[in-house]
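Comments concern the structure below.
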Amino acid sequence: MAEVRHRHDVVVVGAGLSGLVAATRLRQAGVDVAVVEADSEVGGRTRSRTLAGRTVDVGGELVGRDYTRLRGLVAALGLRLEPAAPPMPHLRLDRRARPPLRPSAASGLMAAAARLHHLCSLLPPQAPWQAPLADRLDALSLQDWLARAPVDQRTARLLGAAAWAFTTAPPHGLSLLAFLQWLKPAGGLSALWRETPWRIRGGAQQVARRLAARLGDRVLCGAPVQAVEQNGAEVAVYTSDGAVRRARRAVVCTPLATTGSITFTPQLPAAQRLLDQVHSPAVTKLLAASADVPRRGVLAAGDAVMPLAMADTHHAVGFAYGTDTALPTPRLRDHLMAVLGLDGGALAPEAIALAWHEEPHIGGGYPAFAPGQLTRHGPALRAGHDRVHFAGADRSTWPGTMEGAVRDGERVAAEIRTRLGA
Ligand SMILES: Cc1cc2nc3c(=O)[nH]c(=O)nc-3n(C[C@H](O)[C@H](O)[C@H](O)COP(=O)(O)OP(=O)(O)OC[C@H]3O[C@@H](n4cnc5c(N)ncnc54)[C@H](O)[C@@H]3O)c2cc1C
């Protein structure tokens, strides 16, 4: 196919939240920007679908109290938030642990939460790997820390299960420093327990859809970027349809798990190439329509197949990790029903499961830094390479969240504006 030539100030690779926020901020500053997206739709790891007549989120969904940048964007786009899953007081360790564990009554749990909170306070938010204690915290897995913490076995299991549920990594495979990095912006464990999460009414993908609609024909879907080449004067971005877009700068807003599939010329520095070593664990999110779930919501943690499960009056949600993600949807649905303690038939047969690690341009849930990896790879996360910049939730100070995607999109837009003098 003949080469089609386009010229812009900036080409953004990836139309997830981070790429679209970066493009929007640049556009607002009068920069000529184009966005190229591999998938047939925008939104990346936010994706909304219809289940039993209701909009559900098969990717990012819950909006925390402190998600100030996302909340501002939601309001600016004319969208609204609504209460989502129930707050943590209904947390159950697993099927065998009845009655529900009330974290406020568990003094060991509170002491561990306070210790973790203290450790979080020692980390610089922008670069936790620069903390004086960073090497020591990164050398330990969360499991190592739990084994030494002054908590009983049950509390250690609960904490491990909760961390696994939220970070997608089993406690033995997750660096303590990485867990603290995730926990810090959330305000610590006690803040998480107290929090009532929110969701975006009509689905989280609407944020990306509305941003893309405002950018109009500057956003091109179905165009996987294969190569990014730069010389001293410009960057050329090659897509699989044979087109090339030339620009003064490019920003790559793809997941860490799939960025390595793009060929960079000249080669990226070793520190950036080595980010490939950070694993993004397999995760499947399952949503099942519910005919009769309890009026009061339930949030459960600790089951082997469904470490995290929630239900409200309309639908139940569960997450499977690792090898369990390969189970067929009806089996996952049965596990979801069991961990929520619902009687047979409470969940209607209609269910949606999405295995994010099987999505060719996503490649996993989000990065889970193993012991030793965050101190080694952290400094490369947001480093650019001459005219090529990198951004995304996976590289942000709020990893694994939509807030991180928005913040990092804003960060990289400001960085590029400075370089362009825009
Ligand atoms: C199952 C699940 C549940 C989650 N739940 C929550 C939650 O409740 N709350 C929360 O805040 N966060 C949640 N998250 C995290 C949140 O969804 C993500 O952190 C955020 O959406 C990532 O945005 P991003 O723009 O950084 O990356 P992405 O959304 O992954 O966007 C990257 C884009 O780049 C595109 N791309 C990749 N390769 C190429 C290429 N070669 N050429 C062109 N385009 C390419 C991809 O198709 C994608 O559209 C969840 C994530 C998952 C997977």
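Heads up, the Cβ atoms here are built off N, Cα and C, so glycines get one too.
Note: TrEMBL annotation is automatic and uncurated.
Residues S18, E37, A38 are given by TrEMBL as FAD binders; from V151, V207, V225, that same site also lists V225. Its Cβ taken as reference, A38 (FAD binding site) is surrounded by 23 other Cβ atoms within 10 Å in the chains shown. Neighbour density at the Cβ, taken as the number of other Cβ atoms within 10 Å, is lowest among the binding-site residues E37, V225 for V225.
In three-state terms derived from DSSP, A38 (FAD binding site) belongs to neither a helical nor a strand segment and is classed as coil. Pairwise Cα distances among S18, E37, A38, V225, which the record gives as the binders of FAD, peak at 17 Å.
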